[in-house]
Amino acid sequence: MSADTVQNRRFHADVRSSAWVTLRSVLFGDRIGLCLFLASLCLFALFWRTTVFITDTYTLANGLYSLSNGNVFLTEAVYGPGLNTPGAEEYGGSVIARNYGVLVLSLPFLWGLEALDAVADLRIALVALWSLVLLALIVQVGRLTERREVTAGGAVAVLCLFVSNVAIARPMDPAPHLHALQLFHMAVAAFAPVLLYRLVARLHTVRTGSLAAVLFVFGTPLAFWAAIPKRHVVTATVVLGVAYALYRSRTAADGVLVSRPLAFRSLSYALVGLYAWVHAPEALLFGVVLAVIDVPTAADNRPRTLVVLATAFALSLVPLIVTNTLVTGSPLRPPRLIAAAGESGARTVGSIATSGGSGRGGAVLSPPVVGLLEAGATPLVVLFRELLVGARALVTDPIDVSRTFVRSGTFTTSLNQSDGEAVNLSLLESAPLLAGVAAVVPVLQTWSRPKSLTGRTLSAARVTDVYVTLTAVCVALLYTSRLPIHAQVTVRYLFPLFPLGVYLLVRLPTVRRVLDAHWRAFCWTLAAGILLGGQLVVVAVAVGVNGIGAAFQLHALLSLSTALALSAWALTGRTERWSGRIGAVLLGLATSSAALFSILAAVEYYALGDTHALPMVRALGELLRLV
């Protein structure tokens, strides 16, 4: 072998290595971010059930089937009882789906599944894919810790898991379009803890960022909803992406590809525009909040800069505009707003007809400019009105508000449509660790207002804090007047509050000092709470609970107990000596309480006919017959 050949091979190897490092830096930040992504995927696969959990999914699956065959309208009910499933809308004699952004982005996953199914049994192929992801995680952990024995031992364990899963595997019902949607949502959800880690790590330390990701993954229902084709995990990832981009736009650019903070500022608006392709009303809310926070606090608002931002936002809306034009004939009318707008010829399939006119006929006779202004102003007026209704509900409906945020209990409105079972948890019951936000009280008590705000500029951290806080408040107000309702499980409409709440939690000095100083106590408590406490919960459910509703309420009371203790500690604001260790233990218990509910809900309470993607999880579910 000549010296030139050796040199060329080394050159190409260096190029490939450099390209991989660049890609890893852009997508995950560093090796820890990559490990979090791979670990999240492995965890979400344990919760994956290969069937429909909420009937809205039938509409999405049929929509993906039609789209894969070149039709934007629903043409055939391949999934479900027919085309008249929730979420489908009739317009101009055709039935349309919703969330077309999700449908289009799920197409590559569909093509990948079809390719796998062509060469191997899909069940075995999915097990092999999960095993490869787990092996990749172990390899990365081995390199991160610089211990070869971790890689060697982990590889043997992965091989044993693969063989065990294959040995007990059963045939899988063919539903490639449904599975593609589930895989897409899991992939998007896996980026959420990565973004939270990258944001908090830049604000504080790598350890704090890693612990924030752990709190988010285990202390909230993220894993439960990751494999369910609903927009909630997509929303969580988007709001974290916007927060991260907003923070980076206020700091010196040190990225591999990005050399100007303006690029990150443009990215924040582009993410909002792309999310409008999935859910336009929520994207409008996020966009308004972003503009309200970004423009007044930015150091550069020259016309040229604003043109760049407007261009980035406009380009991000191109997929939405194209979809709207193809589906509804109007570039400004998203499909899911047709029925709500009372458009002529449009109705929600299966809905009850109501009287009354559209009230929008005058726009046809208006000049084009006036019509365009009206089209732009109307959604803002509607959004502002909805926020006012939510604010009014805080005063006029305190009982419903408390059922949504604090204690769900059993009430007629929910039970009538939940088979008589109290199976909807409140925000605090779903994520008791959010009670630690009470640590803001000691901070406010010691906070002193600056004598003058003249010439003061908010730091990047403060701008991000304000954006996260205002977004959380607006999301809560947007849905407060509509909740509680049935089929929520864990207040899924308020799902963005989980990642935003975890961010605000770790930003509090009391919580952050405890996690930094006593992270081992937190991790050991979390592990013990899941492994040992889980056994106690299983016994309690098996012996003393009758029905799924009672099981849910047991988890609710357990979560509220840990939340009460955590909030009491947080209000003291003390972190020295034993107070800090107690706080770490309480954070671990609150996190494990939420994790136990998610695990049992996916494995046992909502096993859905033992349709788990991984055979070993299905076997565990068959052994556990608790309710």
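From the backbone N, Cα and C atoms, a Cβ is placed for every residue, glycine too.
As annotated by TrEMBL, transmembrane segment applies to 32-54 (among others). Here the transmembrane segment (32-54) has long-range neighbours at 24, 61, 79-80, 130, 133-134, 136-137, 140-141, 144, 172-173, 175, 178-179, 182, 186-187, 189-194, 197-198, 206, 209-210, 213, 217, 223-224, 226-228, 230, 487, 598-599, 602, 606-609, 611-614, 617, meaning same-chain residues at least 6 beyond its ends whose C-beta is under 8 angstroms from one of its own.
For 118-138 (among others), the entry in TrEMBL reads transmembrane segment. Proximity of distant same-chain residues to the transmembrane segment (118-138), defined by a Cβ-Cβ separation under 8 Å and at least 6 residues beyond the stretch ends, is recorded for 35, 38-39, 41-42, 45, 150-151, 154-155, 157-159, 161-162, 165-166, 169-172, 174, 176, 613-615.
Residues annotated as transmembrane segment in TrEMBL: 150-168 (among others).
Under the heading transmembrane segment, TrEMBL lists 180-197 (among others).
Marked as transmembrane segment by TrEMBL: 209-226 (among others).
Here TrEMBL flags 267-293 (among others) as transmembrane segment.
What TrEMBL lists as transmembrane segment is 305-327 (among others).
The transmembrane segment feature in TrEMBL is assigned to 459-479 (among others).
For the transmembrane segment (491-509), same-chain residues at least 6 beyond its ends with a Cβ under 8 Å from one of its own Cβ atoms are 192, 196, 199-200, 203-204, 208, 211-212, 215-216, 219-222, 225, 230, 232-233, 235-236, 239-240, 243, 404, 424-427, 430-431, 433-434, 436-437, 439-440, 443, 461, 465, 468-469, 471-472, 475-476, 479, 482-484, 515, 570. Feature annotation from TrEMBL assigns transmembrane segment to 491-509 (among others).
The transmembrane segment annotation in TrEMBL covers 521-545 (among others).
TrEMBL lists 551-572 (among others) with the feature transmembrane segment.
Annotated transmembrane segment per TrEMBL: 584-608 (among others), in sequence order.
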Candidates 150-168, 267-293, 305-327, 584-608; stretch with most C-beta pairs under 8 Å toward the transmembrane segment (551-572): 584-608
Distant-in-sequence neighbours of the transmembrane segment (459-479), which means Cβ under 8 A and at least six residues beyond its ends: 199, 203, 239, 242-243, 246-247, 249-251, 282, 285-286, 289-290, 292-294, 297, 383, 386-387, 390-391, 493-494, 496-497, 500-501, 503-504, 507
Spatial neighbours of the transmembrane segment (305-327) far in sequence, C-beta under 8 Å, 6+ residues away: 72-73, 91, 96, 100-101, 104, 262, 265-267, 269-274, 276-277, 280, 287, 298, 333-335
Intrachain neighbours beyond the transmembrane segment (521-545), with Cβ under 8 angstroms and 6 or more residues off its ends: 211, 214, 218, 514-515, 551, 554-555, 558, 581, 584-585, 587-589, 591-593, 595-596, 599-600, 624, 626-627
